[in-house]
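Below is one structure, written out as structure tokens; the observations come after it.
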Amino acid sequence: MFLDMLLLSSLAAAISASTTAIRKIVFKKEDLAKMAEIQSYNRELMNATRKKDQKTIQKLQKKQDYIRQINAEVTKKNMITMFASLLIFFTIYPTLGGFFGTQMLGYVPAGLDIPFVTDSGKLYFYGWFILSFFGVSSPITKIFGLGLAGMPVSGGGEDEKKAEDKKQEEKAGKNTERRK
């Protein structure tokens, strides 16, 4: 029973590592910058719409085609990683399900029934695999240097500053120059 649980945890870690590696290979730093730019654009557009600032809205609409283009590029890469991950998962998961089937792998503490994971305090293949997968995914993502969303984490410093923060710094610098 314990060895089966350990084997499944190892396989869940291998699947997580392979899907994380695919994401790391497909997404580059430029893609992260594009995603930040898209978020910044959407935030600015939403703020301008709320404030009914027509001048800013018109300025942002001129940039809309470019944003759509880079959004399409990022979405394409997201689709590639999603399909590759699904291919890996749906190849291995049913195979393991056929091998382990309805074999009970362990028990959970009394009163800790988790829907779709446990059944009357018993833990079967499907439940243990799900728990293992979620348990190993976060540490593996950090080992590969990816953030919570599975996107590369920048090296720190200037790269980590959001576009909005940079704009505020520029405005502060201009205000300081005016005072002099």
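Numbers run from 1 along the shown chain.
Using N, Cα and C of the backbone, Cβ positions are placed for all residues, glycine too.
Residues annotated as compositional bias 'Basic and acidic residues' in TrEMBL: 158-180. Taken from TrEMBL, the feature region 'Disordered' covers 155-180. Annotated transmembrane segment per TrEMBL: 80-102, 123-144, in sequence order.
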Worksheet, complete the sentence: Beyond a gap of at least 6 residues from its ends, the CB atoms lying under 8 Å from the transmembrane segment (123-144) belong to 5, 8-9, 11-13, 15-17, 20-21, 24, 93, 96-97, 100-108, 114, 116-117, 150
Response to the item:
Near the transmembrane segment (80-102) in space but 6 or more residues beyond its ends, with Cβ under 8 Å, are 4, 8, 11, 15, 18-19, 22-23, 26-27, 124-126, 129, 150
